[in-house]
Amino acid sequence: KICYNQPSSQHPTTKACPGEKNCYRKQWSDHRGTIIERGCGCPTVKPGVKLHCCTTEKCNN
(Lines of atoms letter the chains of each structure in order from A; the text may use other names.)
(Lines give C-alpha, C1' and ligand atoms only; values in the text may rest on other atoms or scores of the structure.)
Protein backbone atom coordinates (compact mmCIF):
# COMPACT_ATOMS: atom_id res chain seq x y z
CA LYS A 1 0.00 0.00 0.00
CA ILE A 2 1.22 3.51 -0.84
CA CYS A 3 -0.17 6.28 1.39
CA TYR A 4 0.39 10.02 1.49
CA ASN A 5 2.21 11.20 4.63
CA GLN A 6 2.72 14.97 4.22
CA PRO A 7 1.37 17.25 6.98
CA SER A 8 -1.45 19.74 6.29
CA SER A 9 -1.00 21.57 2.96
CA GLN A 10 2.66 20.75 2.29
CA HIS A 11 3.93 19.29 -0.99
CA PRO A 12 2.63 15.70 -1.32
CA THR A 13 4.97 12.93 -0.19
CA THR A 14 4.22 9.22 0.01
CA LYS A 15 5.25 6.28 2.14
CA ALA A 16 5.20 2.54 1.40
CA CYS A 17 3.28 0.59 4.03
CA PRO A 18 4.04 -3.14 3.68
CA GLY A 19 1.17 -5.33 4.85
CA GLU A 20 -1.10 -2.38 5.59
CA LYS A 21 -4.65 -2.34 4.19
CA ASN A 22 -5.58 1.28 4.95
CA CYS A 23 -4.45 4.87 4.55
CA TYR A 24 -5.84 7.64 6.76
CA ARG A 25 -6.32 11.38 6.95
CA LYS A 26 -6.97 13.03 10.34
CA GLN A 27 -8.12 16.64 10.60
CA TRP A 28 -8.60 18.92 13.58
CA SER A 29 -8.34 22.59 14.50
CA ASP A 30 -6.21 24.33 17.11
CA HIS A 31 -4.65 27.77 17.65
CA ARG A 32 -2.60 27.31 14.46
CA GLY A 33 -5.69 26.64 12.35
CA THR A 34 -6.67 23.41 10.65
CA ILE A 35 -4.15 20.59 11.06
CA ILE A 36 -4.13 17.58 8.73
CA GLU A 37 -2.13 14.42 9.38
CA ARG A 38 -1.83 11.60 6.83
CA GLY A 39 -0.34 8.13 7.03
CA CYS A 40 -0.72 4.36 7.02
CA GLY A 41 -3.37 2.41 8.87
CA CYS A 42 -6.62 3.56 10.47
CA PRO A 43 -5.89 4.93 13.96
CA THR A 44 -8.26 5.53 16.83
CA VAL A 45 -8.90 9.26 17.25
CA LYS A 46 -10.10 11.48 20.08
CA PRO A 47 -13.56 13.11 19.97
CA GLY A 48 -13.52 16.19 17.75
CA VAL A 49 -10.96 14.78 15.31
CA LYS A 50 -12.25 13.98 11.82
CA LEU A 51 -10.91 10.68 10.50
CA HIS A 52 -11.08 9.37 6.93
CA CYS A 53 -9.78 5.84 6.32
CA CYS A 54 -9.63 4.35 2.84
CA THR A 55 -8.31 1.21 1.15
CA THR A 56 -6.98 2.22 -2.29
CA GLU A 57 -3.50 3.45 -3.27
CA LYS A 58 -2.85 7.12 -2.40
CA CYS A 59 -6.47 7.61 -1.37
CA ASN A 60 -5.80 9.86 1.64
CA ASN A 61 -4.75 13.21 0.14
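Along the chain as shown, the residues are counted starting at 1.
For all residues, glycine too, the Cβ spot is worked out from N, Cα and C.
In the three-state DSSP scheme, Cys23 (disulfide bond) is classed as strand. A 10 Å cutoff on Cβ-Cβ distances gives Cys23 (disulfide bond) a total of 28 other Cβ atoms nearby, all chains included. Annotation comment: Swiss-Prot describes Cys3-Cys23 (among others) as disulfide bond, evidence class similarity to another entry.
Counting Cβ atoms from all protein chains shown, Cys17 (disulfide bond) has 16 others lying within 10 Å of its own Cβ. Residues or ranges marked as disulfide bond in Swiss-Prot: Cys17-Cys40 (among others).
Every protein chain shown contributes to the tally, and the Cβ of Cys53 (disulfide bond) ends up with 15 other Cβ atoms within 10 Å. According to DSSP, Cys53 (disulfide bond) sits within a strand segment. The feature disulfide bond is assigned by Swiss-Prot to Cys42-Cys53 (among others), with similarity to another entry given as support.
For Cys54-Cys59 (among others), the entry in Swiss-Prot reads disulfide bond. Taking Cβ-Cβ distances under 8 Å and a sequence gap of 6 or more within the same chain, the neighbours of Cys54 (disulfide bond) are Asn22, Cys23, Tyr24, Asn60.
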- Item | Tertiary neighbours of Cys3 (disulfide bond) (same chain, Cβ under 8 Å, six or more apart) | Thr14, Lys15, Cys17, Glu20, Cys23, Tyr24, Arg38, Gly39, Cys40, Lys58, Cys59, Asn60
